[in-house]
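Some notes on the structure that comes next.
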Amino acid sequence: MAKRDYYEVLGVSKTASDDEIKKAYRKLAMKYHPDRNPDNAEAEEKFKEASEAYEILSDSEKRSMYDRMGHNAFEGGFGGAGGGFGGFSAEDIFSQFGDIFGGAFGGGGRQQRQRRGSDLRYVMELTLEEAVKGVKKTITFTAPAPCDVCDGKGSKNPKDVETCKTCHGSGQVRMQQGFFSVQQTCGTCRGQGKIIKNPCHACHGSGVADRQQTLEVTIPAGVDNGDRVRLSGKGEAIRDGQAGDLYVEVVVREHEIFQRDGADLYMDVPVSIADAALGKEIEIPTLEGRVSLKIPEGTQTGKLFRLRGKGVRPVRSSMVGDLLCRIVVETPVNLTSRQRELLKELQASFDGEDSASSPKKKSFFDRLFD
């Protein structure tokens, strides 16, 4: 009987992520595990089929080979790879020689790697002030954690946990591929080396259960959009393995006044026509409080003033950026009768003489009509 497509076996698409593949396999394994289906040959066959599919699709190199050549990649030795070792790294090749020749090539004595849970991601939204100055925040999220009932063991009674008879507790089995002996994860115990005879009723033997968790997170001063804070061991928990990490990713809300570019801050400073023309000392806000800014006589829209050291000190940097103030000269609106009169008088005074009061305007028209 022809083998079914591995993606079809797990019920996932060919573009499925590693997490999606893991979740699909876990669901099938719990459903068809021999311990939960004694004397059920069909369930045992489905369990083996799912384990075989997961063994290939959970390994990036094997998955790549399978995507290119299908089941032929793992049948009849290394057929389909042009007679060589297509798709296998040098480490894989020498590890297989080591299996045969007693570790002469450094691969025979490798020990099983400790299983590890998946890393998790939490998006935290901050104000600009919080990102620049640092903050402590409490977060709440739901993630797999050690089961409270069985203390993460998968069974309340330690006597109900036995050494796997297929792999004898190693979590690995040897598969013959032509001339070579290849070590693979044991499909019976899923690489754990143990079989649970009487699974915990709360977690069904997995040793973990989804639980709401609350953590206090310290965000360092100077973080920016996309920066991540790593909380070691706070990710997905798994039975008989190491928990993954939790990554808190920073998203900074848009500020009504300041825009950030690396270590520097930018802001628009509105100035009246009179203040821009005559000059004035004004007060402007910064993240540290209000400071004075001197507007020289004749300041134009777009003029930048730099206030050194009023920006941001990025994470892992000893340098503080600057605050750059862009002047925006505002045209007055909703004029009173008196203001309109005065502006008309001013307008007439400008139009009535060849004044140097508008040098850019004069230069523009000179070029236009030359």
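Using the three backbone atoms N, Cα and C, a Cβ is placed for every residue, glycine included.
Swiss-Prot assigns the feature region 'Disordered' to one of the listed ranges (31-50, 151-170, 351-370), namely 351-370.
Each residue in the domain 'J' (5-70) has a pLDDT score, and their mean in this model is 86.
Summarised by DSSP class, the composition of the repeat 'CXXCXGXG motif' (164-171) is 0 helix, 0 strand, 8 coil.
Counting every protein chain shown, 23 other Cβ atoms lie within 10 Å of the Cβ of C203 (Zn(2+) 1 binding site). Taking the Cβ of C200 (Zn(2+) 1 binding site) as centre and 10 Å as the limit, one finds 24 other Cβ atoms among all the protein chains shown. Apart from C147, C150, C200, C203, the Zn(2+) 1 site neighbourhood in this chain, defined by C-beta within 8 angstroms of the site C-beta centre, holds D148, V149, D151, G152, K153, G154, S155, K156, P199, H201, A202, H204, G205, S206, G207, V208, A209. The C-beta environment of C150 (Zn(2+) 1 binding site), restricted to residues of the same chain at least 6 apart in sequence and closer than 8 Å, consists of K156, C200, A202, C203, G207.
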